[in-house]
Protein chains: 2
Amino acid sequence: MSNRPLILVTNDDGITAPGIRTLIDVMRSIGDVVVVAPDSPQSAMGHAITINSTLYVEKITIDDGSQSEYSCSGTPADCVKLAVNEVLDRKPDLCVSGINHGSNSSINVIYSGTMSAALEAGIEGIPAIGFSLLDYNWNANFEHCKSYIKTIAENVLEHGLPNGVVLNVNLPNLAQQDIKGIKICRQAKANWKEEFDKRTNPMGRDYYWLTGKFVNLDHGEDTDEWALENGYVSVVPVQFDLTAHHAIQDLNTWDLK
Amino acid sequence: MSNRPLILVTNDDGITAPGIRTLIDVMRSIGDVVVVAPDSPQSAMGHAITINSTLYVEKITIDDGSQSEYSCSGTPADCVKLAVNEVLDRKPDLCVSGINHGSNSSINVIYSGTMSAALEAGIEGIPAIGFSLLDYNWNANFEHCKSYIKTIAENVLEHGLPNGVVLNVNLPNLAQQDIKGIKICRQAKANWKEEFDKRTNPMGRDYYWLTGKFVNLDHGEDTDEWALENGYVSVVPVQFDLTAHHAIQDLNTWDLK
């Protein structure tokens, strides 16, 4: 039996995406790697799970690396649940998700399949990290991400993470020499201003495409958006206790009899 | 123009579900109601949104009530985005989602389509509430929910909600006289212990059904689980800033050079 850490790798862009292939490559230099990832793209799936349909898991070989790989018909959260309960012999020491093709900073965390996989691992008590690169291109260059990903993953293996906390890591789309370092941040208070593109189909029925502009009105210099705009890798500790504890006192003054 | 509040109603069980019909009924007694809800069940969709497919919205009539109704081909979060940007003339004063057929207490909030609609409304700056009844049956009795829903909705309209906070309301499946009242709570630290039901399809290929047991190890008497087990309606203020602010200081001690 190996003394190396057991690392579960997943993503939301699908098991053949260049982002996850890079992540697998980095993780092989740290530990024993098992990949359980969706068989097709699952972007913007949020924390969806499959309860009204069946799930398939298939052992596959994609390259000649030492990792074991399984493709799964479910969502990113399903992949983690199946990995932990059916594929792996023991609880992994680390779960990493990504590298996502595109940003999961700020409010994007809430729509993100990449981060839902990391959160699911966190719920299962596994230290977990989601990685995303600010480049939506399928052929994005992930080379400059490798050293930062390795540093952050090794720190998580060494220190662990507080109970109920996972990391949301976003990497700027810059040349290695232009990246200034890694910054611990809070989630910026930004959101999408939707713009629906209305069209008419050949049968005369109206339909919409969801598009939008990302608007950041949060001028704080401690946010992930600030870090990314200023050439840093952003690391936001994220939790799945959604309770707005600060609001409880106020609500207790309401007349709810 | 009406001086009554404008109320957007949505859900994740689909526009014809008995739960949303009850919610529409209660909201009509408070304000002008517009319904934009999924045309089919969307349970456990988490915060999924539709970015790689088209969206349809259709004006429909289901009963002879005064509300306007639109059925939508998207997820609960899509419904809210479309309602705000394409269907409604002005920002609604309140968005309510549900009544979900089944619990969204504790960690279930993170998988919940009902709550993702409420969170989406919150992100858009609309006071929002998700309602769920602890009964999964399609023909559940929602009668006893009505007065509590009315009270909570009227309080939100009167007081507003803190910026970035929406309410997650769960109702116990008890007779009216057995409900003790409404309690403001925190999310219990509980989770699902998955159990995959492995089967073989007629073609000889293995597949899984996701099942599981809900396990609550959180003995606090300030949690939603405690309130529901003890006959109260639980109200948890929920936020979409997922930052684990308490972890930032610790992470800043790491060597991330």
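A Cβ is built for glycine as well, from the same backbone N, Cα and C atoms used for every other residue.
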**Message:** Can you find which of B:Ser43, B:Ser53, B:Ser66, B:Ser68 TrEMBL lists as binding divalent metal cation at the same site as B:Asp12, B:Asp13, B:Asn100?
**Reply:** B:Ser43
**Prompt:** Can you name the binding-site residues among B:Asp12, B:Asp13, B:Ser43, B:Asn100 whose Cβ is less than 8 Å from some Cβ in chain A?
**Reply:** B:Ser43
**Fill in**
Sparsest Cβ environment (other Cβ within 10 Å) among binding-site residues B:Asp12, B:Asp13 belongs to B:Asp13
**Message:** For a quick check of packing: other C-beta atoms within 10 Å of the C-beta of B:Ser43 (divalent metal cation binding site), how many?
**Reply:** 22
**Request:** For the recorded divalent metal cation site, enumerate neighbouring residues of the same chain (Cβ within 8 Å of the Cβ centroid of B:Asp12, B:Asp13, B:Ser43, B:Asn100, site residues themselves excluded), in sequence order.
**Result:** B:Asn11, B:Gly14, B:Ala17, B:Gly19, B:Pro41, B:Gln42, B:Pro76, B:Gly98, B:His101, B:Gly102, B:Ser112, B:Gly113, B:Thr114
